[in-house]
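The block underneath contains the structure these notes are about, expressed in structure tokens.
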């Protein structure tokens, strides 16, 4: 596992965006051989999306031959709802870059047959072979996507019940009322994420410090689903200074020295 210790949220977003652009450009995608990118929603990746849009407008990257798969979607929320992840992605990213509409894959939380929708999504991912890079965030309780504590580490795309803690955390997008946050969501599984060639998790804020500590220094534990990334051959944690507060000083020092050449010019 790599840990990229940076100073603040802005640097986390910039580093993550630069890493994605480097990966896409090194891959040299074509229509017949697209780059497959997994994407999250929420507050944490906002800076990364801003930088990706800026780099696209500067001519540094094209998303014409990029295929995306989003991590999750609320169940029962109309896709036109301002807080649906469909709306979030189009407002904050897709509408500002050159990605073709047919290359965008989002879970349908209003599907008549939820189980069939989850199977369809898994099969669509498999049809491309694998996701080359999956960017994500982490919850206060260590959840990745909507894989809440006690999720199976072998799980696939499915419906999940959201914990009260997650609904309270997401209530900031619903006028502060947790009762307006849907109780269920469709989410890629832990196993789905582990199948990706590379997984990059963005961690910002003191509130995520315990989750980061569990991911990096703790044991693999289904109560901290983020810890599953210790099993991944190519996992990266990109974090700001407040989120490292629960890590041992020597852990942060070790990774800071190890990644010194990779955090220049931020």
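A Cβ is built for glycine as well, from the same backbone N, Cα and C atoms used for every other residue.
Its own atom aside, the Cβ of residue 72 (active site, proton acceptor) has 23 Cβ atoms within 10 angstroms in the protein chains shown. For the recorded site, residue 72 (active site, proton acceptor), the DSSP three-state label reads strand. The active site, proton acceptor annotation in Swiss-Prot covers 72 (among others) and rests on sequence analysis.
Taken from Swiss-Prot, the feature active site, for ring-opening step covers 141 (among others). Under DSSP, residue 141 (active site, for ring-opening step) is assigned to coil, being neither helix nor strand in the three-state scheme.
Annotated active site, proton acceptor per Swiss-Prot: 143 (among others), in sequence order, evidence recorded as sequence analysis. In sequence order, 149, 151, 163, 166, 225, 226 make up the list of same-chain residues 6 or more apart from residue 143 (active site, proton acceptor) whose Cβ falls under 8 Å from its Cβ.
Counting every protein chain shown, the number of other Cβ atoms lying within 10 Å of the Cβ of residue 148 (active site, for ring-opening step) is 21. According to DSSP, residue 148 (active site, for ring-opening step) is assigned to coil rather than to any helix or strand. Among the features that Swiss-Prot reports, active site, for ring-opening step is placed at 148 (among others).
The feature site 'Part of the allosteric site' is assigned by Swiss-Prot to 151 (among others), with sequence analysis given as support.
The feature site 'Part of the allosteric site' is assigned by Swiss-Prot to 158 (among others), with sequence analysis given as support. A strand conformation is recorded for residue 158 (site 'Part of the allosteric site') in the three-state DSSP classification.
The site 'Part of the allosteric site' annotation in Swiss-Prot covers 160 (among others). Counted within 10 Å of its Cβ, the other Cβ atoms near residue 160 (site 'Part of the allosteric site') come to 21, all protein chains included.
Residues or ranges marked as site 'Part of the allosteric site' in Swiss-Prot (evidence: sequence analysis): 161 (among others). Listed in sequence order, 148, 183, 184 are the same-chain residues six or more apart from residue 161 (site 'Part of the allosteric site') with CB atoms under 8 A from its CB.
In this chain, none of the residues that are 6 or more apart from residue 254 (site 'Part of the allosteric site') has a CB less than 8 Å from its CB. Annotation source Swiss-Prot lists site 'Part of the allosteric site' at 254 (among others), citing sequence analysis.
The number of other CB atoms found within 10 A of the CB of residue 151 (site 'Part of the allosteric site'), across every protein chain shown, is 22. The separation of residue 141 (active site, for ring-opening step) from residue 72 (active site, proton acceptor), Cα to Cα, is 17 Å.
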